[in-house]
Amino acid sequence: MATTMNAAVSLTSSNSSSFPATSCAIAPERIRFTKGAFYYKSNNVVTGKRVFSIKAQITTETDTPTPAKKVEKVSKKNEEGVIVNRYRPKEPYTGKCLLNTKITADDAPGETWHMVFSHQGEIPYREGQSVGVIADGIDKNGKPHKVRLYSIASSALGDLGNSETVSLCVKRLVYTNDQGETVKGVCSNFLCDLAPGSDVKLTGPVGKEMLMPKDPNATVIMLATGTGIAPFRSFLWKMFFEKHDDYKFNGLAWLFLGVPTTSSLLYQEEFDKMKAKAPENFRVDYAISREQANDKGEKMYIQTRMAQYAAELWELLKKDNTFVYMCGLKGMEKGIDDIMVSLAANDGIDWFDYKKQLKKAEQWNVEVY
C-alpha cells in the first residue's frame, strides 16, 4: 500500500527570476512534479520574505519496509556507470538557465543563489560529482575564462525529476583587495547574474571522491560550511525525496551545517520536511558562528557543534558502514581533527593513523577549498 504526501520544496528568496518551463511527472513511484512554470509564493508568515517554490508530490510506502540486504563494498573508483569528462573545456556543452533565485536573506553577509540548468540528459552525473562552468567573455589576456568547478546540488534526477537538469548552489564572491579596490569573482558573479533563458557552457561531470555510498543501511555523516552543502543536498534528495526500485535509504543521515548567521542558512525548509518525513533516519545540527556559543562562550563553529556529540560520533566512526563527507572551507578540517585526536587517544588509537585507514576504505571523504 502506498500513500502520497505533499512535499513542496521552498527556497527562501527575496530576489528570483525564472524561465517558463514545463515540469515533468515521471514514473508514479518516484518524485512527481505538478505542471506549470516556476513561480513565487508569498506565504512565509514568520519572516514575510518571498518564497520560491517547486511543488512536488512524494510517494511513500506505509507498509513495513523489507529489511535491506547488506551491500558489498565496491570502490568508488570501480563503480559501474559513473561517467567523467564527457564534456571538456575545448568542447563544452551549452545548456540553458531555467531558474536563478537568491536563497539567502537580504541581511545575510553575502549572497547565495540556487540555479537550475537544462542539459537534456547529455550530462549524466551522479550524486557527489561536480560540473565545470565557463563564464562568458575573455580574461585580461584575451583568452576564454578558465573552467570553474562547482559541486552539484541536485540528485541525479535533477530538481525536476527528469534527469535533464543540473542545479548549483553558488555564493557571489565580492571582496576588497589590499589597494582598497572592490574585486568580483568572475565565474560566481557571471552565474549569480545569469538570466533565465541564457546559455551557459558546462563541462564534466567530474569526480569520484564524493560519490555517495550505495549501502542503504549506511550511516552518512555530512560536514558542510556554506555552499559546501551542495553535494549533501543531492544525497538527501535521493534519500528522502525520491523513490527508486533499487535504493531505499534505511540508515542514518546526519548533517552538520556551519554558517555565520541564521539568514545564511541554506535549504532549511527542505531539511525540515525531511526530518518530518523520516525522523529516525535524518538528523541535522546547525552551527551559527555569529549567533551561537557553547557553554564556554566559544563561537559555534561546525567543530564546536560536533564536540557536543563527540563520544557518539566516535562510536559511529568505529563501524565499517559509517561514511564521513566534508565539503566547504578548508579551515574546518583542523578543528575536526583536534576533536578526534583526544577521542581516539582515549581508546589508545592514533587519530591520524586511523584516519588514513578510513580514507583507504573510502569512509573519510574530503572536498575543501
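Using N, Cα and C of the backbone, Cβ positions are placed for all residues, glycine too.
The transit peptide feature in Swiss-Prot is assigned to 1-57. Positions annotated as domain 'FAD-binding FR-type' by Swiss-Prot: 90-212. If you look up Swiss-Prot, you'll see Ser151, Lys171, Thr227, Val259, Pro260, Ser289, Arg290, Lys299, Gly328, Leu329, Glu367 marked as NADP(+) binding site, on the strength of similarity to another entry. Under the heading disulfide bond, Swiss-Prot lists Cys187-Cys192.
Swiss-Prot feature annotations superimposed on the structure.
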{"residue": "Ser151", "record": "NADP(+) binding site", "DSSP class": "strand"}
{"residue": "Cys187", "record": "disulfide bond", "DSSP class": "helix"}
{"residue": "Cys192", "record": "disulfide bond", "DSSP class": "helix"}
{"residue": "Thr227", "record": "NADP(+) binding site", "DSSP class": "helix"}
{"residue": "Pro260", "record": "NADP(+) binding site", "DSSP class": "coil"}
{"residue": "Arg290", "record": "NADP(+) binding site", "DSSP class": "coil"}
{"residue": "Gly328", "record": "NADP(+) binding site", "DSSP class": "strand"}
{"residue": "Glu367", "record": "NADP(+) binding site", "DSSP class": "strand"}
(message) For a quick check of packing: other C-beta atoms within 10 Å of the C-beta of Pro260 (NADP(+) binding site), how many?
(response) 19
(message) Taking only same-chain residues 6+ apart in sequence, whose CB is under 8 Å from that of Thr227 (NADP(+) binding site), what do you get?
(response) Thr112, Ser151, Cys169, Val170, Lys171, Leu266, Gly328
(request) Measure from the Cβ of Gly328 (NADP(+) binding site) and count the other Cβ atoms within 10 Å, all protein chains considered. (result) 25
(request) Using all protein chains in view, find how many other C-beta atoms are within 10 Å of the C-beta of Glu367 (NADP(+) binding site). (result) 18
(request) Consider the binding-site residues Pro260, Arg290, Glu367 and say which one has the Cα lying nearest the Cα of Cys187 (disulfide bond). (result) Glu367
(message) Between Glu367 (NADP(+) binding site) and Cys192 (disulfide bond), how many Å separate their Cα atoms?
(response) 22
(message) Given a 10 Å Cβ-Cβ cut-off, pick out the one of the recorded positions Ser151, Cys187, Cys192, Arg290 that has the most other Cβ atoms nearby.
(response) Ser151
